[in-house]
Amino acid sequence: MVEAQTWTTRRMSNPRLDSTATADHEVLDIPVTPTADVRNSIYNVGSHLSPNLLTALIIASWFMSNIGVLILNKYLLSFYGYRYPIFLTMLHMISCACYSYAAINFLEIVPRQHILSRKQFLKIFALSVIFCFSVVCGNTSLRYIPVSFNQAIGATTPFFTAIFAFLITCKKESGEVYFALLPVVFGIVLASNSEPLFNLFGFLVCIGSTAGRALKSVVQGILLTSEAEKLHSMNLLLYMAPMAAMILLPFTLYIEGNVARITLEKARSDSFIVFLLLGNATVAYLVNLANFLVTKHTSALTLQVLGNAKAALAAFVSVMIFRNPVTVMGMTGFAVTVMGVVLYSEAKKRLKLQLTTH
């Protein structure tokens, strides 16, 4: 912080204004223009909160946004009767693009980064295609299977990540890491066989969503490797979201018909749909913002641990809200899968520690 100038420092020849000869309250301060950091801290909401309380509020917001978007998607697609998952995903992307632009350019939550080359643009476009596939499949699956089963399948992401990392980069993990993936697979097989509302199409598209999410993480690590091309997660979202919306537009028009006209007609008869869609799209962006804030105030490992807890909590909340039937065997399978993910995370952490020490 820049210290304020005083007449003492500017006119040391005047004994009456000498700091050694006067009381502190007699020194005349000349205000200076505050720096950018000082100006931003004035408007920083969390500046008046203790670090622990701020972190707790951010984590609570992360849980609420992640579970909230799942519940809203499920309600819209399965219970409200809005059966347009591609158009809904496109609204999410438009929302993320608009909110990201405002957050980066006006609120300045992170410095703005620019796409520097056509090659980098094509790499981000490729990621956007995978991103679209993953999100559309995830939203589509909620039409056919319960949130609890959706989350159980989603917990198998590390399994697909390990497969794609081996197939694409020939990266081999330790035996301990692969062993930890066994309960991940066994648990989901157990949960699938005992799921009362099992739907094959919903199961397959949810597997596609989970695989797409894993593929995106692997491909992103390959494509954006150089320091010049690396983008902050919020800047990456700023560029990926509008690309994803443009990719989804022809698909929603071809597959879902004139969905915009249908939505407008529905809004005239039931204005609640406007609130649902706007709220859903906003929460979809808040999920990404909460991910960034949790990583910033804690760590990527904490985000990984919270992801495991979120899956279990989201399953519980959805059962309480939607009253979908569950079985003891299904809950056991879910628990085994989550346990396997925890073992996998611990094995990866130990492997990374061994590599750094050697």
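Backbone N, Cα and C define each Cβ position, glycine as well.
Annotated domain 'Sugar phosphate transporter' per TrEMBL: 56-345, in sequence order.
According to TrEMBL, the transmembrane segment annotation covers 53-72 (among others).
Residues or ranges marked as transmembrane segment in TrEMBL: 84-104 (among others).
According to TrEMBL, the feature transmembrane segment maps to 124-145 (among others). Residues of the same chain lying 6 or more positions beyond the ends of the transmembrane segment (124-145) and with a Cβ under 8 Å from any Cβ of it are 70, 73-74, 77-78, 83, 85-86, 88-89, 92-93, 115, 153-154, 195, 197-199, 201-203, 205-206, 208-210, 212-213, 215-216, 219-220, 223, 231, 236, 239-240, 243-244, 247-248, 251.
Per TrEMBL, the feature transmembrane segment maps to 151-170 (among others). Sequence-distant neighbours of the transmembrane segment (151-170) (same chain, 6+ residues past either end, Cβ-Cβ under 8 Å): 70, 138, 141, 177-178, 181, 184-185, 187-188, 191, 203, 206-207, 209-211, 213-215, 217-219, 222, 308, 310-312, 314-315, 330, 333-334, 337-338, 341, 344-345.
Beyond the transmembrane segment (177-194), the same-chain residues lying 6 or more positions past its ends with a Cβ under 8 Å from any Cβ of the stretch are 149, 152-153, 155-156, 158-159, 162, 203, 327, 329-330, 332-341, 343-344, 346-348, 351. Marked as transmembrane segment by TrEMBL: 177-194 (among others).
Residues or ranges marked as transmembrane segment in TrEMBL: 236-255 (among others).
The transmembrane segment annotation in TrEMBL covers 275-294 (among others).
The feature transmembrane segment is assigned by TrEMBL to 328-345 (among others).
Across the candidate stretches 53-72, 84-104, 236-255, 328-345, the maximum count of CB pairs under 8 A to the transmembrane segment (275-294) is reached by 53-72. Against the transmembrane segment (236-255), stretch 84-104 has more CB pairs under 8 A than any other of 53-72, 84-104, 328-345. Looking only at the domain 'Sugar phosphate transporter' (56-345), the predicted model's pLDDT averages out at 92. Proximity of distant same-chain residues to the transmembrane segment (328-345), defined by a Cβ-Cβ separation under 8 Å and at least 6 residues beyond the stretch ends, is recorded for 148-149, 151-152, 155-156, 158, 177, 180-196, 301, 304-305, 308, 311-312, 315.
When Cβ-Cβ distances below 8 Å are used as the criterion, the transmembrane segment (53-72) is approached by residues 46, 142, 147, 150-151, 276, 279-280, 283-284, 286-287, 289-291, 293-294, 297-298, 306, 310, 313-314, 317-318, 321 of the same chain, each at least six residues removed from its ends.
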